[in-house]
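Asks: Just lifted these from TrEMBL, have a look:
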type: DOMAIN; residues: 1-213; note: domain 'G-protein coupled receptors family 1 profile'
type: TRANSMEM; residues: 15-43; note: transmembrane segment
type: TRANSMEM; residues: 64-85; note: transmembrane segment
type: TRANSMEM; residues: 124-149; note: transmembrane segment
type: TRANSMEM; residues: 161-184; note: transmembrane segment
type: TRANSMEM; residues: 196-215; note: transmembrane segment
Amino acid sequence: VLKCYEIFSLTKKTISFYGCATQMFMFLLFAGSECFMLAAMGYDRYNAICNPLLYNILMHKVTCMKLICGSWFIGAIVAIVQTILMFSLPFCRSHIINHFYCDVPPVLALACADTHIHEITTMFFTLSVVVGSFILTVISYSLIIWTIIKKHSASGRKKAFSTCTSHILVVTMFYGSGSVMYLRPKSSYGMGEDKFISLMYTVFAPFINPFIYSLRNNDVISAVRR
């Protein structure tokens with residue numbers, strides 16, 4: 001049985017060994033999938049702005065399904081491999097996880113074996129998933145910016161930028177906090193800082209996402225003004 005510290009009340013919540021493994025798997029599955037879904041959304045914005053006349057052909061229903069299924073597949077592979085590697089370690093130290101859920105860094109800190117290989121593996125998956133999907137997103141937006149710059153109409157540029165604003169805000173919050181959390185060496189872990197960073201992409205970002213994506217909705221804007 002493992003114990004997690006509740007971040008707000010500092011009370012201990014117990015969780016079983018397999019429950020912790022399941023929680024980590026689900027978190028990695030959703031986080032990995034979201035990375036590539038954000039990249040897919042960047043590709044969608046690219047087609048909407050750079051190829052507006054071909055948008056319905058390029059972003060056909062079948063294409064969208066392939067992008068979604070591919071994102072979930074990659075997320076599942078990463079989650080399975082990472083979870084198996086993490087919970088194959090011996091845990092002979094304290095069973096208290098200084099975190100509010102079973103994340104990779106705080107669970108790895110409890111292992112009493114050499115975790116060098118596991119740190120390298122975590123870094124590899126982080127670079128492959130987070131950095132890889134981020135690069136795809138950057139490529140999409142580089143082409144978008146180039147297209148916007150070539151527009152002669154100021155209203156056209158404004159409309160194109162407004163199409164991307166909400167997605168850029170979400171990408172910045174998600175990738176920024178995730179990179180700080182997982183691209184640091186184990187020696188620099190500060191659990192107090194990690195809890196705050198984790199709040200950014202597990203609680204704060206999902207909470208404000210509906211508001212961010214609603215900023216372009218005229219009814220919502222009118223309601224906020226009233």
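Cβ atoms are placed via backbone N, Cα and C, with glycine included.
Predicted automatically and left uncurated, TrEMBL annotations should be read as such.
Fair warning: this is a prediction, and the values are worked out from it, not measured in the lab.
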Asks: Can you name the far-off residues of the same chain, 6+ from the ends of the transmembrane segment (124-149), with a Cβ under 8 Å from a Cβ of it?
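Replies: Here the qualifying positions are 32, 35-36, 38-39, 42-43, 45-46, 49-50, 74-75, 78, 81-82, 157, 160-161, 164, 168, 171, 175, 178-179, 182-183.
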Asks: Mean pLDDT over the domain 'G-protein coupled receptors family 1 profile' (1-213): what is the value?
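Replies: A mean pLDDT of 79 is what the model gives the domain 'G-protein coupled receptors family 1 profile' (1-213).
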